[in-house]
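Undergrad: Handing you this structure, nothing more for now.
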4 protein chains.
Amino acid sequence: MTDFFKGIEPIRYEGPDSTNPMAFRHYDPDEMVLGKRLEDHLRFAVAWWHSFAWPGGDPFGGQTFERPWFGDTMDHSKMKADVAFEMFSILGQPFFCFHDADIRPEGDGFAGNTRNLEEMVDHIGTKMEEVGTKLLWGTANLFTNRRYMAGASTNPDPDVFAFAAATVKTCMDATHRLGGANYVLWGGREGYETLLNTDLGREDAQLGRFMNMVVEYKHRIGFEGTILIEPKPQEPTKHQYDYDVATVYGFLKRHGLEDEIRVNIEQGHAILAGHSFEHEIALAAALGIFGSIDMNRNDYQSGWDTDQFPNNAPEVTLAYYEILKAGGFTTGGTNFDAKLRRQSLDPEDLVAAHVGGMDVCARALKSAAKMLQDGELERLREARYAGWDTEQGRKLLAGEWGLDQIADYVRENEIDPEPRSGRQERLENLVNRFV
Amino acid sequence: MTDFFKGIEPIRYEGPDSTNPMAFRHYDPDEMVLGKRLEDHLRFAVAWWHSFAWPGGDPFGGQTFERPWFGDTMDHSKMKADVAFEMFSILGQPFFCFHDADIRPEGDGFAGNTRNLEEMVDHIGTKMEEVGTKLLWGTANLFTNRRYMAGASTNPDPDVFAFAAATVKTCMDATHRLGGANYVLWGGREGYETLLNTDLGREDAQLGRFMNMVVEYKHRIGFEGTILIEPKPQEPTKHQYDYDVATVYGFLKRHGLEDEIRVNIEQGHAILAGHSFEHEIALAAALGIFGSIDMNRNDYQSGWDTDQFPNNAPEVTLAYYEILKAGGFTTGGTNFDAKLRRQSLDPEDLVAAHVGGMDVCARALKSAAKMLQDGELERLREARYAGWDTEQGRKLLAGEWGLDQIADYVRENEIDPEPRSGRQERLENLVNRFV
Amino acid sequence: MTDFFKGIEPIRYEGPDSTNPMAFRHYDPDEMVLGKRLEDHLRFAVAWWHSFAWPGGDPFGGQTFERPWFGDTMDHSKMKADVAFEMFSILGQPFFCFHDADIRPEGDGFAGNTRNLEEMVDHIGTKMEEVGTKLLWGTANLFTNRRYMAGASTNPDPDVFAFAAATVKTCMDATHRLGGANYVLWGGREGYETLLNTDLGREDAQLGRFMNMVVEYKHRIGFEGTILIEPKPQEPTKHQYDYDVATVYGFLKRHGLEDEIRVNIEQGHAILAGHSFEHEIALAAALGIFGSIDMNRNDYQSGWDTDQFPNNAPEVTLAYYEILKAGGFTTGGTNFDAKLRRQSLDPEDLVAAHVGGMDVCARALKSAAKMLQDGELERLREARYAGWDTEQGRKLLAGEWGLDQIADYVRENEIDPEPRSGRQERLENLVNRFV
Amino acid sequence: MTDFFKGIEPIRYEGPDSTNPMAFRHYDPDEMVLGKRLEDHLRFAVAWWHSFAWPGGDPFGGQTFERPWFGDTMDHSKMKADVAFEMFSILGQPFFCFHDADIRPEGDGFAGNTRNLEEMVDHIGTKMEEVGTKLLWGTANLFTNRRYMAGASTNPDPDVFAFAAATVKTCMDATHRLGGANYVLWGGREGYETLLNTDLGREDAQLGRFMNMVVEYKHRIGFEGTILIEPKPQEPTKHQYDYDVATVYGFLKRHGLEDEIRVNIEQGHAILAGHSFEHEIALAAALGIFGSIDMNRNDYQSGWDTDQFPNNAPEVTLAYYEILKAGGFTTGGTNFDAKLRRQSLDPEDLVAAHVGGMDVCARALKSAAKMLQDGELERLREARYAGWDTEQGRKLLAGEWGLDQIADYVRENEIDPEPRSGRQERLENLVNRFV
Ligand SMILES: [Co+2]
Ligand SMILES: [Co+2]
Ligand SMILES: [Co+2]
Ligand SMILES: [Co+2]
Ligand SMILES: [Co+2]
Ligand SMILES: [Co+2]
Ligand SMILES: [Co+2]
Ligand SMILES: [Co+2]
């Protein structure tokens, strides 16, 4: 036991009227919702990087956090892991997520990195057994080290491609060994800074081969988790190839991967790409590639991907509504890819931020479940499309008629449709009954 | 002859030093560039809608233009056409583009619309022979009439789908009859205002069938032009299905249309979707679906799709550079999907705006051609990827090696790549030698 | 009685558990909050323009609403007024707001406009007595008519300045006669489309004189309401002079008006200027110029000023919190400067949109009041600045010390401050207890 | 002499046709423009921070640059200075700018910082004499150190205010001693992350007192340079108090500083605040507070303040046009507050970026000068406002007439102004003759 969280007791559910800032007011893991425990619906995960590895810098200022585990040695990494599991325990978070670079010190090249990673995987595996926390997903950090500055698999230098591939292999091994439910690829440097030095065709071919190797390797080692791509339109690069759900879908189709890879959708990335979070979830569900979510919130005002903890229950409700409508998570879950504001220096801030985030999500999922059970919203949606379920509606889509037959039909029957109200405000009012 | 442009002479090329505001300083149609006449490179088209049909309204103010041809009768439409061809003549624009609703008065339902359209097609066909202007593309306006307020092919009401399909049939017929080089579909209402009343799966199936019918009908009538989709992310709807080039590509793949349909890329729409114009062109070329462009400019400051005439030669140069690199236009061209500012009331404004736009494009294409002939930019780009053309580079992509073989290779050879400069500023300086 | 709202009963408060979509669940006008009736806190107003005059157009489509009162005659305007008061009655809205152009048909020049306005003021005055609805504010529409396309008071043509001044005089007279609590100036065309044809200095002098005349005239006629400027950064113009609260403050100071004019802050305009709504309110309060609010919501995704009805209770809570902290409204109120989505065709939509908006505001104001009564947020804020209330803190601000004395003090006392947590997440969690 | 720039010769002017990437094609310091040497017009300065102190990090990656002078000792700082002056020499840049933290190693508290600063000022003073480079401005870095994380003068802790004040004193001393032409204050942390913990009134009073002390101290020590505030709307904080030129003007008026402080306008900050660069310059000129510029360019696509080197000559032309129209720089100049892309690793990149930037500015200033000499743009602008120079126009502004007199005038004379073309496209074409 470190003493980092000294004085902070495990967080308990105390109900909506509690004024205890270190209690859950909405998240009772054992509450049954739509026939499933809340914990099993939400499948919360802590993100190792933001909570334990981020020093608090921004483009105009350096480190603000002073954590005893900041440092480059294996001992630092182990202390970091120990503190992490203490927090998982305090919060009762069932899962965590990591990049290799979060959990191990930087080694001497690939061999050193691998050695450090393996040793830390042992350490973490032991802690997982002790504490009972599971791994939602692992991933490789292919963006921080300067070797990746011009891309990982899409680098103009094939040696970087090779280094990245080798690194992903070790991270898939680590994830497999720790029983991860998914493996994620976020292509933070897979894109470009300037089109002037970029060959889009070559880089697409590189990325396509890379992803195919990931899928092949998954099958070779018998990893049964889901492979997930996390879309993001830009930042750090000016343009990233995994722009949004629709773009990733096109990439998967082009490279024959649409049945093998799904998406991990982050709220902040959806916003950054000009979409709502619920849009990206609904679209992925419609395309059959919905996997998991990174829960955070963007700053609408600045437009930046600020990775703040979610705090707006009505917005989060719409996201979980789409998830529940799509059948809920299978291997996926709710990963808090969220970081403290850099002024939030205290250990209490770190715990409280997660408490608040978990509570917002729990409240939102319960609202979404009630809205789904109520059924009015779905009844209204279906009623709107009812014409398509008539014989005439089906015929139009069936492929028998072409434009000219339809033109005859419209002319002969003097079809002249009258518009009907879209009822947006009434639907929004309906939602407000539940949030 | 109307007297709308009275006093405005045909525009002539007078060279860069001319101070005549009603002369071309860069656009000499007969100038040979990369072995082709400038006119044949640029393939300029006037957009009927902005230049002749738009009354000058904005969300806070009504009509500012008072044109003698504004009105609902066939005579008004014919006067509008006559003025249009007078302007084509003054400018020497080789092409024009139209929506059905631009060239005909609104009729009484589908039959009335069709009758009006056919009569105007006769009138315009005669003018085309007289003046020599050709049709770059035709299209159907499936967004202005209130019947389309909730979508055309993606409407929840199948009767609207039918009305839209019938209308597209008549517009394809009109385009075919006028010898159009392309037929365009812009789905201004194919999207949604609120996800709360929308079924993404149904609407995708509707849009997929619709586009397949368009392709089937093209082949049935022997139309040899290209079918083009014009991507736009939003506006008028909150989310449009043809978001950007990557999204359209995914849609085409999903519905088996990737060899049948190409894209018409608009500068303002590229910007609105978070891309540069040159990115969208380069991506479409890399995906094999580049078709044509709508030339205008967006307002970066407001973020709106303001459809202004282009005026920034360095930016436009980068767009034409990608077009030339992709082999130039085949059936496509440069359509000025650009409108006057609503305070630009005078006939002279309308002509001068096109003169300025044509000159910027001509200057830009010539700069792009010089840059391509110089070759330095492409040499530097290829040199950057040279490693991929080695035997080792090819092996990495060939499909023989998996992640584990690569990991062995990296470990055994202690691969530890050193980053190399991306040279962005030097490349930008190089571009500045040509613009 | 028209039959427009046939079948819609007056809206009643039925409490949070009501499932009646045409009932208030949070707005009970007589509920006492912080010692005042809820109605007297919120001071709701309907906006004549959006609710009764807007035809439903957008940049790509025309009118969708087909209202029996659409038309250019005095009879149309009177029917519009009658329907308006029927809706005020159904909703129990205590106030309304209008532009001259909303309530009267366009006349023949200034004299015609004035005659029409005066006749309608008579008609509306009678309705006000009958129904009991009061006037929150009146204003002049100086942006729709094409004569204002290049500005009203900031027009390069002094005749337009004169026409605008004369029009404002008649609108102030009308507002005075109807007992308006405020008079608003929104400078939709006071700005520019291009700096290339604009003289900022001249236009500032024009606007300054114009506003001084408004204040002088107010005093001359004994109007006791508040003069309000409504800031907006852009749209319809590319740049508007009343950009945001800070900019308006600078303008007022420059022209000696800071004690005479206050601001009417609109949510959508705050967002468009890169601020939060609560920021603009708090800033206006700090500068002593807070007046009234236009309640709506912007679309963060598109960035447009969509003037939607508010639906996010947590966000609206933060706005009312700042208002309550500043002492609540005096002459100001909550004007729904909000419009239906153009697909919301039914009379029921119009009523329901206001019901939903009023309920969101009522819920938000009650949450804000509880948060203020709880006091914890304010205690934490004050504690953060406690150092400034010490003797040393006061000395630093008192003006006795200069930079050199302070430098001596820092050196001698080896001042080296340790940063303290900003507690942002904990404060956000605290807020979430109340929303 | 270090060997950092080994092999790079002093940059010479070779004229527009030169293909030498390490030559000026437009910047000939001695060229006479409007009666002044080009060097004396542009007054270029290198920014110490970006060029010599920035390690190349971004939010997702660490240091990419590996400079021999990176380190914490005085020797490192001196080597950095030596390299800096070698670059000034290579480029022929007449000025430089610095923050204290750029030129000295971090010391042990205030006393240590001061000692290090003073020693470095000696070193730099010697280099200035040797090389002949002058100081455009100095400034204090009140944002990087974690002590400033919650603000400098606007910190809730008065000790931070004191530390900041003491630091500014030492930086003003240093600037004075090195003969600086200006002293700049950029309030990167003067703002807030969340309104929930912020007292706007208190922080405004703190900032007001702070700026007054700066002005008092300037006069006390006899510093004759100009005090400049650099506006920026956000980043690093969510909201910064010096939002834009209009906001700074209001602040200056409020605290009686409008005759003492001017603005240093940065292109990227103007864009971030929703303005064009030329707007901010023109506005500052109109308000009498224009001082100096930070030349760089923002990324319109991402919206971030990317501080790239300028490369778009037409845009830069509009900025210099406003500067020349306002009489040109007096104490101000063109500071390249621009940084390399993080992939631009080579010393050659650093020099070439400045060469390209200087050339773009030189080309732009010469275009602007020609446009001003041509005079047509100004003639058209004046003609547009000609009505205001008539007797009737003057009377409207003179203060004799009120709204009622004007109303009488409009009624009696049946004033009904006809709108005139704003000629935007023709003006843009006119500009394109010069760029
Ligand atoms: Co994420
Ligand atoms: Co993120
Ligand atoms: Co277009
Ligand atoms: Co457009
Ligand atoms: Co408003
Ligand atoms: Co608005
Ligand atoms: Co700067
Ligand atoms: Co900057």
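Just so you know, glycine gets a Cβ as well, placed from its N, Cα and C.
No curator has checked TrEMBL annotations; they are predicted automatically.
Found this in TrEMBL, in case it helps:
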ACT_SITE  A:His99  active site
ACT_SITE  A:Asp102  active site
BINDING   A:Glu230, A:Glu266, A:Asp294, A:Asp337  Mg(2+) 1 binding site
BINDING   A:Glu266, A:His269, A:Asp305, A:Asp307  Mg(2+) 2 binding site
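Surface or core, plus neighbours and distances: that's what I need for these features.
TA: Reduced to three states, the DSSP call for A:His99 (active site) is strand.
DSSP assigns A:Glu266 (Mg(2+) 1 binding site) to a strand segment in the three-state reduction. All protein chains shown were included, and the count of other CB atoms within 10 Å of the CB of A:Glu266 (Mg(2+) 1 binding site) stands at 26.
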Undergrad: At the level of the C-alpha atoms, what whole-angstrom distance separates A:Asp102 (active site) and A:His269 (Mg(2+) 2 binding site)?
TA: 21
Undergrad: Judged by the number of other CB atoms within 10 angstroms, which among A:His99, A:His269 is the least packed of the recorded positions?
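TA: So among A:His99, A:His269, the recorded positions given, the one with the fewest Cβ atoms within 10 Å is A:His99.
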Undergrad: Excluding near sequence neighbours, so keeping only residues 6 or more apart in the same chain, what lies with its CB under 8 A of A:Asp307 (Mg(2+) 2 binding site)?
TA: A:His50, A:Gly268, A:Asn296, A:Asp337, A:Ala338, A:Lys339
Undergrad: From the centroid of the CB atoms of A:Glu230, A:Glu266, A:Asp294, A:Asp337, the recorded Mg(2+) 1 site, which same-chain residues not already listed sit within 8 A by their CB, in sequence order?
TA: A:Trp186, A:Lys232, A:Asn264, A:Ile265, A:Gln267, A:Gly268, A:His269, A:Ile293, A:Met295, A:Asn296, A:Asn335
Undergrad: Applying the rule Cβ within 8 Å of the centroid of the Cβ atoms of A:Glu266, A:His269, A:Asp305, A:Asp307, what extra residues of the same chain belong around the Mg(2+) 2 site?
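TA: Near the Mg(2+) 2 site, the remaining chain residues are A:Lys232, A:Gln267, A:Gly268, A:Ile271, A:Leu272, A:Asp294, A:Asn296, A:Asn298, A:Asp337.
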Undergrad: I need the CA-to-CA distance for A:Asp294 (Mg(2+) 1 binding site) versus A:Asp305 (Mg(2+) 2 binding site), whole Å please.
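TA: Computed Cα spacing between A:Asp294 (Mg(2+) 1 binding site) and A:Asp305 (Mg(2+) 2 binding site) is 12 Å.
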Undergrad: Cβ-Cβ under 8 Å from A:Asp305 (Mg(2+) 2 binding site), same chain, 6 or more residues apart: which ones?
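TA: Long-range Cβ contacts: A:Lys232, A:Glu235, A:Gly268, A:His269, A:Ile271, A:Leu272, A:Asn298.
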Undergrad: What recorded positions among A:Asp102, A:Asp294, A:Asp307 have a C-beta sitting less than 6 Å from any atom of ligand 1?
TA: A:Asp294
Undergrad: Return the members of A:Asp102, A:Glu230, A:Glu266, A:Asp305, A:Asp307 (the recorded positions) with CB less than 6 angstroms from at least one atom of ligand 2, or none.
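TA: List returned for ligand 2: A:Glu266, A:Asp305, A:Asp307.
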Undergrad: Note down the number of other Cβ atoms within 10 Å of the Cβ of A:Asp337 (Mg(2+) 1 binding site), including every protein chain shown.
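TA: Other Cβ atoms found within 10 Å: 24.
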Undergrad: Just jot down the residues in the same chain as A:Glu230 (Mg(2+) 1 binding site), at least 6 apart in sequence, with C-beta under 8 A of its C-beta; none if empty.
TA: A:Val184, A:Leu185, A:Trp186, A:Gly187, A:Asp242, A:Val263, A:Asn264, A:Ile265, A:Glu266, A:His269, A:Asp294
